Amino acid sequence: MNSLKDGNHTALTGFILLGLTDDPILRVILFMIILSGNLSIIILIRISSQLHHPMYFFLSHLAFADMAYSSSVTPNMLVNFLVERNTVSYLGCAIQLGSAAFFATVECVLLAAMAYDRFVAICSPLLYSTKMSTQVSVQLLLVVYIAGFLIAVSYTTSFYFLLFCGPNQVNHFFCDFAPLLELSCSDISVSTVVLSFSSGSIIVVTVCVIAVCYIYILITILKMRSTEGHHKAFSTCTSHLTVVTLFYGTITFIYVMPNFSYSTDQNKVVSVLYTVVIPMLNPLIYSLRNKEIKGALKRELVRKILSHDACYFSRTSNNDIT
């Protein structure tokens, strides 16, 4: 974008990000933990036939969304450190903003789809294979990504309608919309309403779906006579509810509450939760609380160890013969 004169102002061609932390080692460690944890979940679900169910199909895409969400923010921080700069171009800022909005929405709607999956599994177990067939799962996933695309378009379009005259220092570690609005010298009322409505709609709809699903799940669990049934049903929902509480709490604070109700520094701290901390914790939450994932991980590790030992003994035997 070329510099354009507007009265006594000059349109900005880029922004300076004030950053999250000056410790490059911490940046690398956090990013590698996020990548390795979520990538491990995806690979485990793909290679383990015991996990080829709709629940884990959605979980693998949740891990992908976490990984991609963090990757849309963190690598830029690392590159800026390596070249000793904290700048991002106008186009780069728009891409980063749209990517973050896309994957945040994908995670929102995925959590609702996972709640529906748990609802069908617990409340209608005999019809589960029909109601959550491969075709239905793919259709739900298509809705997830379409919703993400629409929200991303609304964010990037609103961004391009803003005029930035200076200063260009963004008090954030990535191009989030709230700190960008503070730098705009144009009317932000329409953009604020549009984005609050679009983000709020996604949050309200998905929260309602999750709430209704869990109300029916709770009613079904309370009707169960078996203590073992109670424990099994609750254990399958605990990890999902934990992730839902963490994620929706942070994004509601950022994207739904009015900007004047919190400071930019508070915005930055809360943003760390959903861009860094939550993507890092999600694999741990689902792994530690899910017996099927722990069992699949143990089976794959044992299989790898046994196959390695078999190859070793085979080579040893061949050497002895020769």
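Backbone N, Cα and C atoms are what each Cβ position is placed from, and that goes for glycine too.
Judged by Swiss-Prot topology annotation, ILE47 lies on the same membrane side as ALA296.
Note on the disulfide-bonded residues CYS93, CYS185: the fewest other CB atoms within 10 A surround the CB of CYS185. When Cβ distances are compared across the two stretches, the transmembrane segment (268-288) makes contact with the transmembrane segment (51-71), since 3 or more pairs at least 6 residues apart fall below 8 angstroms. Contact counts against the transmembrane segment (234-254), taken as Cβ pairs under 8 Å, peak for 96-116 among the stretches 29-42, 96-116, 136-156. The transmembrane segment (193-213) shares the most Cβ pairs under 8 Å with 96-116, out of the stretches 29-42, 96-116, 136-156.
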